[in-house]
């Protein structure tokens, strides 16, 4: 009865980072610079891959899609955060909050599985180089990328359905700078069982499966590299995987820290981890591939 008589929240308040105006200006300028570098870096990577014939290969096809996903996922979060730095009222409408959950979960999961396809691509290139053109055909590459987007869409729809079934009749303050699933579940005044089941099922089904594919792929890659007799051959084989390994470490390292670390009384560490995951990592990915990859340097 109490649930049916409650007034549904129509707007959420985002706490952001600080109430100090000077600190907010500094953070605004820093994050604005990061966002501009993110846009230029990822758009530049997409354009270079598109116009450079030497980059028309499966690895760069996946990398171009990764740059697009990074650009979209960052744009879902950062512009709103920058506006809030300059606003006294840091709020987001209920519909906008649900849209942010959907889009961010879509692209976040898509990025994870694009990294899985890139791990598989490196596995075939290092362990089965003779059949690489046959296995990683344009049709196969398209199917792998389309499957990544489909899994991301499934995750986004599932999480949004779980969120839309919740009632928010109490506090409307989200102790973060964007709408994330965990704080929304904590704010809900209704039964959160369905949302928690969807969240845990998604984490177990998609997270564990993608991690296993990456782990098995790199175990086979390391075994193949160790079997190479010459030191030069080993370095050349390993160099093809270095950029991807760094990107994997950034993505999964920040994800595991955000969602698997023990909860604490202070949320400051959670917020900075979220900044690293949502804002900084999309900026670093194109820089990693452009600075460490000779083919990209030549195309530039």
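Just so you know, glycine gets a Cβ as well, placed from its N, Cα and C.
Any TrEMBL annotation is an automated prediction that lacks curation.
Keep in mind that what you see is a predicted model, and the values were worked out from it rather than measured.
According to TrEMBL, the features are:
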type	residues	note
TRANSMEM	27-48	transmembrane segment
DOMAIN	41-289	domain 'G-protein coupled receptors family 1 profile'
TRANSMEM	60-79	transmembrane segment
TRANSMEM	91-118	transmembrane segment
TRANSMEM	197-225	transmembrane segment
TRANSMEM	237-260	transmembrane segment
TRANSMEM	272-291	transmembrane segment
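Across 197-225, 237-260, 272-291, stretch 272-291 shows the highest tally of CB pairs under 8 A with the transmembrane segment (60-79).
Nonlocal intrachain contacts for the transmembrane segment (197-225), taken as residues 6+ away from its ends with a CB within less than 8 angstroms of a stretch CB, comprise 109, 112-113, 115-116, 119-120, 122-123, 126-127, 151, 155, 158-159, 161-162, 181-182, 185, 234, 237-238, 241, 245, 248, 252, 259.
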